[in-house]
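Visitor: There's a structure below that I have some questions on.
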Amino acid sequence: MEAGEEPLLLAELKPGRPHQFDWKSSCETWSVAFSPDGSWFAWSQGHCIVKLIPWPLEEQFIPKGFEAKSRSSKNDPKGRGSPKEKTLDCGQIVWGLAFSPWPCPPSRKLWARHHPPGPDASCLILATGLNDGQIKIWEVQTGLLLLNLSGHQDVVRDLSFTPSGSLILVSASRDKTLRIWDLNKHGKQIQVLSGHLQWVYCCSISPDCSMLCSAAGEKSVFLWSMRSYTLIRKLEGHQSSVVSCDFSPDSALLVTASYDTNVIMWDPYTGERLRSLHHTQLEPPMDDSDVHISSLRSVCFSPEGLYLATVADDRLLRIWALELKTPIAFAPMTNGLCCTFFPHGGVIATGTRDGHVQFWTAPRVLSSLKHLCRKALRSFLTTYQVLALPIPKKMKEFLTYRTL
């Protein structure tokens, strides 16, 4: 889609098995994820099942007229021996999903205990967070279970790998803790982060691997150091539970979404609140019962860092441009729970309470040279380092996103 156009529904995936009447509450798609290289899509389709689907989708899933736009020769899996769709039976309701960066370091193979040494040095893995507090680690190419991580005492709600490829995994749980695991050391638990008083809903690691953000059923958000695993600061500003968070691709911005119907954009280095995006209803509620109809469920940055997507309980997917205070586009979706951008842009995947996944067109934009320079600089300079540069004030404001 061009900027300003409404998102179009590209495809919809539905669970293959019929819902069991005695188990209706387990059909939700709590998590969707693309692999960092864009070759796989994972979907917790409910009833303990995760589907691993090669990307781009097969033509039968895509309405006529979209094949050419959706299937990119650059991402065509044919050169890799046409990977097949896989079904992972996790044995428990799946809440969180995360792909590892691609590929794993070849020097220390995660699967050495399970496979004889082979010529293939690349190993993409998928972590699944389960209802009973377990985390299962799968090899994507084969669908084999590699590790089972135990430690959490309740639902593992979210998972996040360090983008550096070090195979450090962070898990967020209803037991009010975050745990740090080293998959290069057979899944050794290296740290437990305590301090939240409510269930931890979401965890996000900054792309520069310096910070970890965690959102629990609280009004404040916790920022942790990924170097010392200590609390850096609490971000105060929301009026209700914060349920989702995400860093911009250059680590310079953090967005948090709350049941209070607001997304807040922060400078994670200074703790400064830069902007609030308020989710107003397009239509007034029929009665007074829908007090939280615009409660937010999920927020995510686009891969180039110029857009945000949000999913709210008012049955809308919204797309926001970074510099504007109102959405640039809406799409109708029922019972949305999560959203994520395709890593190469152009597509947003959303998961719903009835176990479906929908793929929507997202804005395709050529980043300005100014934004590309800002993104490149901010990927290794903190806000304080930018402010110390001997450059004009206007340039500092632009580089620190104070011109929003």
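Note that Cβ sites are derived from N, Cα and C of the backbone, with glycine treated the same way.
Just so you know, TrEMBL annotations are computer predictions that nobody has curated.
On a predicted model such as this, the values are computed, not experimentally measured, just so you know.
Residues or ranges marked as domain 'SOCS box' in TrEMBL: 368-404. Feature annotation from TrEMBL assigns region 'Disordered' to 66-87. TrEMBL lists 126-148, 149-184, 193-234, 235-276, 289-323 with the feature repeat 'WD'.
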Visitor: If you count every Cβ pair below 8 Å, which range out of 126-148, 149-184, 289-323 shares the most with the repeat 'WD' (235-276)?
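Guide: Ranking 126-148, 149-184, 289-323 by Cβ pairs under 8 Å to the repeat 'WD' (235-276) puts 289-323 first.
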Visitor: Just give the helix, strand and coil counts over the repeat 'WD' (126-148), going by DSSP.
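Guide: Output for the repeat 'WD' (126-148) reads 0 helix, 15 strand, 8 coil.
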Visitor: Pop the mean pLDDT for the repeat 'WD' (193-234) in here, whole number is fine.
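Guide: Here the mean pLDDT over the repeat 'WD' (193-234) amounts to 94.
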Visitor: Could you count the residues of the repeat 'WD' (149-184) that DSSP puts in helix, in strand and in coil?
Guide: 2 helix, 18 strand, 16 coil
Visitor: For a three-state summary based on DSSP, what are the helix, strand and coil counts in the repeat 'WD' (193-234)?
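Guide: Summed over the repeat 'WD' (193-234), the classes give 0 helix, 23 strand, 19 coil.
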